[in-house]
2 protein chains.
Amino acid sequence: MKSIAILFDYFSFFLRDKTLGDEIRKLKEGKADKDVVKERVNIMLAKKKQLGTTDEKPGKFVLKTAKGTRDYGPAQSALRDSVLQDVVKTFKKYGAEKIDTPVFELRDVLMGKYGEEGGKLVYDLQDQGGELLSLRYDLTVPFARYLAMNKITNITRYQIARVYRRDQPVMSRGRYREFYQCDFDIAGQYDLMYPEAECLGIVNALLTKLEIGEFFINLNHRFILEGMFAVSGISPKDFKTICSSVDKLDKTPWAEVEEEMIKEKFLKKEQTEKLGQLVRFRELNSGLSNLELLEKMSQLPELGQNDKFKKGAEELKVLIGFLEVDGVNSVRFEPSLARGLDYYTGAIYEAVAPKALEGTAAEKSEDTAGQPVGVGSVAAGGRYDGLVNMFDAKMKVPCCGVSFGIERLFAIMEARQKNTIRTTETKVYVASAQKNLAMERRKLLKTLRDADIESEMSLKANPKLLTQFQYAEERRIPFVVLIGERELQEGIVKLRNVVSREEKDVPLDSLVATIREALAAL
Amino acid sequence: MKSIAILFDYFSFFLRDKTLGDEIRKLKEGKADKDVVKERVNIMLAKKKQLGTTDEKPGKFVLKTAKGTRDYGPAQSALRDSVLQDVVKTFKKYGAEKIDTPVFELRDVLMGKYGEEGGKLVYDLQDQGGELLSLRYDLTVPFARYLAMNKITNITRYQIARVYRRDQPVMSRGRYREFYQCDFDIAGQYDLMYPEAECLGIVNALLTKLEIGEFFINLNHRFILEGMFAVSGISPKDFKTICSSVDKLDKTPWAEVEEEMIKEKFLKKEQTEKLGQLVRFRELNSGLSNLELLEKMSQLPELGQNDKFKKGAEELKVLIGFLEVDGVNSVRFEPSLARGLDYYTGAIYEAVAPKALEGTAAEKSEDTAGQPVGVGSVAAGGRYDGLVNMFDAKMKVPCCGVSFGIERLFAIMEARQKNTIRTTETKVYVASAQKNLAMERRKLLKTLRDADIESEMSLKANPKLLTQFQYAEERRIPFVVLIGERELQEGIVKLRNVVSREEKDVPLDSLVATIREALAAL
């Protein structure tokens, strides 16, 4: 058995290797992305190494992270933590519980929703004997699996975790293969639009809190799309593909979208003309409020009689009524919003912050394709009543939720921050003015830490005074406690304000109290 | 090419299938672990399905998490978060920064340290074209890779993240294939034992804070082990294997360990006798302090002259001196501690909490093998000066750190907790006494949430009063704000203390202030 496997591998290597070699040469001649070339070369080297045909010295590592992933150093971690703190606070303000699920799932569980298309982007684990596993692609499918497996019909939960997609990474635009998702969902049988209002309330509250500048939440409904398509004479079987064209209207002019629908999706001009009047209804009727737009659409002869449209419009009117009382003013009814409709069954929504990067260094940067680095959706969601049912035919658990584009929010917050964030919470640095005071520093450090005051000292026995001061300044530690021979004899220490450089003597036995006061006054 | 691959797969299936089938029958006849049987059956079914030879209906999912993994529901998540909050606070008290690394690394990066043996436990990602990747096995290797890749020679960092090992999971003992690690490390050129004292200080501070009951930190030094082995006539090439025997002394009687070393590792009786006198030195000299033990060992004729031992003992004496000033009294010099010595180069330590589960329900539970569910080490670490160097031959970055057995700590905290932890932070539940007050509830909810008070209401239009009260009680929400027709007319609400069931009228315009006071008084 083993010898066949090796033979097979060897054969496959030569075939692949030739292809790869050619490909690499081609890539190098053209203006291919450096990362692509590097990756291809690495595949070849790895293959050669496996067969013992490489000259590479053992123990020599390629010092990089996997393609599409990155490390978060202290500054990035601190920023992300501060954003996530706001996120979690907001979720908790709305009464959410937290759950966590494994990073990989049985492959069958994940493949249920995405089928062939999404499957290509899924990272599979190698079959090492045992179950066939894949890394999670989002948090929604594991959530539905969790509900079905535990027969939970009722929960308002959030989950913040990394997900994995073998996409072409566009790192300059914040698109990675490993990235955080941040989901809030309400599962349960509730009254019409109550859960949706909670989801939109959370989006509004969080984006307001993060101060990312002006933002809008576009709102639409599956039934409204279905109604518009029906009166335009578009067949239900084309629903998904036409949705994907229509959804481009936020970035692409109508003429282009129309051309695509005619040339690639074989709609007739009369169909697209009719559809265009409807999906562009907000654009063509600027200045109208959400309710006025819905009202005016309802008065259109055909559309107004379409049952799907009527039901969708009624539901959105209820939601808009709730949001008015809730003070959620950022919502815009947008009939061209058509995203995620392979599983959304009711209202859908998406938040955009078109000016979030305005005035920042990131505003004018371009990605590798020369496109401006824009900011797409920062949150998206909707109602999906069928997902849990897919896992357990006996369970009907209506769900509705929102997923924050937390990586985009991190990028926005990073671009907009005025001061570099501190990476530690150290409040006091314990320093000594002369040599041989290491044990005295230890004692002081213990006193401070015992009082739960974040404190550090140099880990050298005899550090220079200037070095200690510099460290405190660079790290923006607010206070230095300084000890010297004189202070030691008098039972005092010097408390130095690092910014103002003011110093004062403080008796040892009131040091903790004095520092607490000084910290409170900062 | 494709047809060859399919043929090969088909051939391999028949060979494997027969083996598997036989194996499953054998397993079922014997008393094999149910999970093992299930897993084997699943492999066969998956293979059959792939070849289209299964009768299983499409769309039927196995509703489970992958072997060795689990979900964390709201109660577990809340408990873990509260423990992690203490962990992070402690790390920050010691001035640590946070970093984060990807969940998978280039396979070559991970394989550097573990070689063949550890490699078996590593989850590999399937080769889907591109790099060869594996899930991280611990946080230390990615940390060293991060330092080498970014040429960082100086950082005190923590990282809390999940790691992956294809071990035989023993779920009843808290051993999973996916689990959190929680590491604190100091990288940099510092003075002797300063970093070690910080690490032990953190262990002492955190275990004290968590109130897990009595704990000890066993302390030893690589050089002390090397010295003891040398004077016992044990060859350096046997260092690792004899270490693994000696390290069992915390759970296994000396006679058994000695037998293993003689029968399986071919030591002579005179060697083991000599070694036994040394590694059991604490046991044979009970009542002596750490310094007294080191002193007494130093006076042994041969050992006292051994350079390795002398250096190790000198270093530990310095450390013990620091810890005395730091008030870290839980440290015990334990010459039989011999763990992790494939990469530790200096001091090593390990914290144990033998009575942590005493008096809890978990105390007497047994694992599947009938062994008592004990609590092993809750933290372990040491000095490893060579790891970064493996990734970059030009870099010398001395490191020293500690990894908390955070899953064990979670289990201990779960077993010891007196009251179930709350899973939300909701402070107020907004309820209505009559029908048709849905909009009034919304308005109240908005007022409270705008004031950053965590609040909920029923997501039904006309919920029953009793149902609302019950929800608040079950969820241990401290207050209910109740509105009815009368209250509405008078511009007041009823504020109900859920525990005492006391109610009082509060004017609407002082509601927020009243609730804040009431919350502060809880």
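Every residue gets a Cβ built from N, Cα and C, even glycine.
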- Note on the structure: In TrEMBL, L-histidine binding by A:Asp138, A:Leu139, A:Thr140, A:Gln181, A:Asp185, A:Arg339, A:Tyr343, A:Tyr344 extends, among A:Arg107, A:Arg165, A:Arg166, A:Arg332, to A:Arg165
- Message: At a 10 A cut-off on CB-CB distances, which of the binding-site residues A:Asp138, A:Gln181, A:Tyr344 has the highest count?
- Response: A:Tyr344
- Query: When the number of other CB atoms within 10 A of each residue's CB is tallied over all shown chains, which of the binding-site residues A:Thr140, A:Arg339 has the maximum?
  - Reply: A:Thr140
- Query: Three states by DSSP: which one describes A:Arg339 (L-histidine binding site)?
  - Reply: coil
- Message: Please report the three-state DSSP label of A:Thr140 (L-histidine binding site).
- Response: helix
- Recorded L-histidine binding residues, A:Asp138, A:Leu139, A:Thr140, A:Arg165, A:Gln181, A:Asp185, A:Arg339, A:Tyr343, A:Tyr344 - maximal Cα separation rounded to whole Å: 22
